[in-house]
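Feature list (source: Swiss-Prot):
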| type | residues | note |
| --- | --- | --- |
| REGION | 1-33 | region 'Disordered' |
| COMPBIAS | 7-27 | compositional bias 'Low complexity' |
| SITE | R46 | site 'Transition state stabilizer' |
| SITE | K53 | site 'Transition state stabilizer' |
| SITE | R194 | site 'Positions MEP for the nucleophilic attack' |
| SITE | K247 | site 'Positions MEP for the nucleophilic attack' |
Amino acid sequence: MSDESRPSPAETPATTFAETSAETSAAGRSPARTAAVIPAAGRGVRLGPGAPKALRALGGTPMLIHAVRAMAASRAVSLVVVVAPPDGAGEVKSLLDAHALPERTDFVVVPGGETRQESVRLGLDALPPEYGIVLVHDAARPLVPVDTVDAVIDAVREGAPAVVPAVPLADTVKQVEPAAAPGEPEPVVATPERARLRAVQTPQGFDRATLVRAHGTVTDDVTDDASMVEQLGLAVVVVPGHEEAFKVTRPLDLVLAEAVLARRRLNDGF
């Protein structure tokens, strides 16, 4: 693999698509293609000392490679852009070169920024014009099933400007007044209705023009890209997520991810 994209077959469109900017960039043109952007510049301090979070090993393979393969597993995704740490693009390129990746998918590595939002913007800037649907995926969600990826893409194709996979909450959630110092008691101010709450996952899918507009307009710090689209006053829709698309943030998450991966390899030959 080189820095230049490898040739890949054109994405095959479904029978009918909604006529949105995500699917038809202009009258008479073929449907827009789908790319995935993976910001992988974070350090992941909650996992403890060691390599950056995206480069931590899972089943002997860096989590980033698992995340890249998860995006490429969808036949709709023909390009994956990995946004590396500002000083680590060369290392990430070498990492991708050293692992088997699908030949039908192109892979590009670009240096990231100081913040996640800046890194996603740099990933968007690297996309060729024919890509009108964009997935943004956390490198720390290495085990997302391909059915979830495809469900997000399908919802964007059907006309949604922004789509997030999500799962119902198992725990009751309390809204609190934050304590003045860590460890102090925090007063509860509300208990949201759990049936109306969802835990959001990735990949999140977008009409490209909508996501570019959001990143060019919203300057507040946000925890995900869909929140930026919400601030534009546009609709964000939820599709079913998956319990295995959890985020590896703490050491216990890594233990769970190892168990899930071991079960897949035993049962599915993954």
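Quick reminder: no glycine exception, Cβ is built from N, Cα and C everywhere.
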The rounded CA-CA distance in Å from K247 (site 'Positions MEP for the nucleophilic attack') to R194 (site 'Positions MEP for the nucleophilic attack') is 21
R194 (site 'Positions MEP for the nucleophilic attack') to K53 (site 'Transition state stabilizer'): how many Å between their Cα atoms?
31
Out of R194, K247, which of the recorded sites is least crowded by other Cβ atoms within 10 Å?
R194
K247 (site 'Positions MEP for the nucleophilic attack') falls, by three-state DSSP, under coil
